[in-house]
Amino acid sequence: MKSGFSHITVLLEEAVDALSIREGGCYLDGTFGRGGHSRLILGRLGAGGILLGFDKDPQAVAAGLALATEDARFVIVQRSFAELADEMKMRGLVGKVSGVLLDLGVSSPQLDDPERGFSFLNDGPLDMRMDPGRGLSAAEWLAQASCEEIAHVFKDYGEERFARRMAQAVVQRRQERPFERTADLAQVLAAANPAWEKGKNPATRAFQGLRIHINNELGDLEQGLDAALEVLEVGGRLAVISFHSLEDRIVKRFMRRQVKGEADKLPRDLPIRPAAFEPRLKLIGKPRYASESELKTNPRARSAIMRVAEKLR
């Protein structure tokens, strides 16, 4: 395991404050990473509290195992947070969880380690998998995907306006030789982008789209939000930190839907409103952003937005 890559936790105090930690509660850190949020949660838990950390990344799991040897109240689980309901069912903890935290996106160690293949800034193997042992790598997928599929990923997940032009460039170049390195792909994408944005690498959006697709990030998020609501106890908190509009849109719509309930689907003259149609969440405060002082030490927090809700039923 590489250890030379550090990670600065975004909205550290704000996220843990939002969970309103109870000393004897059960909490889930759905995106353990390097344990920044988890360590602060443990610092506020009492002897009877428990914290489970989830992560697909083997390097993150190794860091979690080290923390588990230090603190018996902590357990690391090598699974996606999308599967947390299954894990909680197995442990008999559905409806008994006091808080769930999801800090979405890619961690700094993943971005900064060229061998993980997430970044175009440092050349490395074109992988991008958060769990290198599961699924296709980015290189493998690009070798077999159609031009239409590649364009869809660049446009819908990367919000890249030149998605088709870039996809065509990828398909044309792979006929000569396959893509195996991040720098190689970034160079082809940059050449196909006719309008470079000031201060932004022209491959940024396409790389984001490819990463999201390879790791099924949006599908996992939708499943994970439903799972979090299922496992929370009444009064339990859900805090989600997003880093781009696609993630935040899903979180915002989910919370709004659960806050509104489904009473509007019932006939207006119905004398009694069934409990199943009542709201399941209430929002806690307004969306939170990183402070100016945090941005000075961690510029990557600039796009972070946190939404918090509490379970009603």
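For all residues, glycine too, the Cβ spot is worked out from N, Cα and C.
Residues or ranges marked as S-adenosyl-L-methionine binding site by Swiss-Prot on the basis of sequence analysis: G35, G36, H37, D55, F81, D103, Q110. In this view, G36 (S-adenosyl-L-methionine binding site) is surrounded by 19 other Cβ atoms within 10 Å of its Cβ, with every protein chain counted.
Within the set G35, G36, H37, D55, F81, D103, Q110 that the record links to S-adenosyl-L-methionine, no two Cα atoms are more than 18 Å apart, and one pair reaches that distance. In this structure, D103 (S-adenosyl-L-methionine binding site) is part of a beta strand by DSSP.
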